[in-house]
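Below is one structure, written out as structure tokens; the observations come after it.
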């Protein structure tokens, strides 16, 4: 076999393309083998993620708080760090530095720090990392529960969570009041992180069947001291009962609770207490300047208006104690127009309106927000310059949270507290809480009085006047219900002056205030009576009894002049009835003591003249004079010690056996009372109106009177007898049907009369028109030569045609009368007049087209004149 041309022995060069293709094929085969080997050696993503999680968990114990300055110094997942960087969170605060590491290790944490120190991120970062470690998905259900006291704070927390955790695959939801419950119930099962308020959460636990929290991993209470307060106590107890005990719990607040009872409710296990600023000099931010002023209650509105006028380019929050105050003052200040935008935020607003106000105040650079304490906790409003506390807070903790809305995270801010002269004790409480407040004075030259303007506004607007009255009552009630009576004393408030400052002419009536004012006098009377009635010895002589009687009469007359009423009077107020019953029980006890003492053979020391007392008791009270009755009551009200040590249980049982007067009286039902009033035949006032023509205008339809007299009018039994009512209705139905038949007959008769009258009128009109009807024919202008008019001598002899026209004229008259009746007195046309001629008796069968016309040799006008002449001659 010979050698080829491309063989090496032939001396020819090898083909480079062929050799390159051969090399490329070998190289690609080698690379594919390497890729397959690399794929076999490569781990799946879930396994790599688990290994990274295990490495992070190993680094949790190595966290050194002193070395941490950034979030990247913590062993956090890449998704969390990326979310923090995108949200511009890089440096950590003190509370974040000390609590995030403990929370990552799975410990229960109680964190407390100043307002604006970053507590929200301190619990959101551990929340994201806890679910990331467990590889939590939407199908796993609820994993973390974050509870906030207010809707606005929950909304703010949810927005921060969206920014920080947007790179994770968790689902988060906001459950607050004011939203659609069904819409929330449809999506609540797929939520991993739930931010909510206590009330709506409990509602879903009770009403949403598929909602459960059995797999809950972490519970977070934001503003924990407020949530664990008495206001949320019942709700939180019910919520905690539905949560598993094996969970991690985080509590954060600016004023943290240390109550063992509250912490025991949450089932905390070895919690870590983190009080960042516990050893600090002040409990408020160092950049916050705090002052207070003292002014009278009637000057507070003028002070507020003057403050707003002098801070037009500032962003301020004004706190009030009640919603109705915010509602009234917001509307009034909008009418006063201080020169700055005013917003209102309170609990009585709809949820969507509250969100709009919150977002609008965040956007504005210069505005004033009138708010209640729902905005006092947790809300982070940017660049707030002033916090003005119009009403004194209930305690120092509330003041700290209110003032914390400004000076957020190393920014400057100012806080002003307005106190009444009776509320100066609050300053000492603030100093005890390490709150540095200084007193400043009001410049009277810059104070603008707005009382006259308010009076004029209320005089024009009735709705605003009613709001002012509700504002007045609401403020007085809030002061009255405050727990700290050393600071809040409603009796020291200048009530009439405060009403005038609101623009009201007269102070509204406050019922609870009137009752409160009566209580001191009763206590004084009771104390004086106790002092007077104290016995001097266990046994008394007759002379001593007489002296005591005169002394009692004198004292009781003085007390009665001061407002005390006698025992015999009825229908007292609630507080008076309690005192009266107590005094009557004491009298009965004394009488029982005397009877028991007689039974034992000993004489009662309180009544030496028992025969006289017995005679007095036997006389009916209605026959006694007023003086004797008072004297008897005064004497029997002598309070004695239980000398014999008798048991009072027997006395109370005897008192219970005696029937009271109220139980003896027969109860009067509403039906009996109504019948009793009807029997008296009271004449009710009636308003009678007339039209311009003098006709009576009936405002109400007449009441249908029963045709059957009720046989049991005097029956006082309550309720309705259905059987008798059914029989009564059946009898009434017969009369109703008869009345209906009469009405229908009268209606038909009236209709017939109207139709008959109409026919008569029509006949009269027809007869009148027939009498007045007259035909006018124009003269012909054909003969121009005859200027003198028509010549009667040219007419033919009328006697020639008289005999033949006698019968036809009668038929013609009948036809004309019939056509007039049918066509409404319409004039005949010229064609009908032309067709008049000798015809047969049967006009219907006659054929008009076969008849030959009568040729008189005259013109048309002359023929018409002839016909008219003939008709007149017949008549």
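Every residue gets a Cβ built from N, Cα and C, even glycine.
Here the candidates are 539, 793, 829, and Swiss-Prot annotates 539 as phosphoserine. Per Swiss-Prot, the residue annotated phosphoserine among 117, 706, 780, 859 is 780. Record check of 606, 663, 817, 831 in Swiss-Prot: the feature phosphoserine is attached to 831. In Swiss-Prot, the feature phosphothreonine is attached to one residue out of 577, 819, namely 577. Residue annotated by Swiss-Prot as phosphoserine (from the set 7, 148): 7. In Swiss-Prot, the feature SUMO2 cross-link is attached to one residue out of 114, 179, 649, namely 649. Motif 'DEAD box' is the annotation Swiss-Prot gives to one range among 222-225, 226-229, 230-233, 234-237, and that range is 222-225. Confidence annotation: the domain 'Helicase C-terminal' (287-448) carries a mean pLDDT of 94 in the model.
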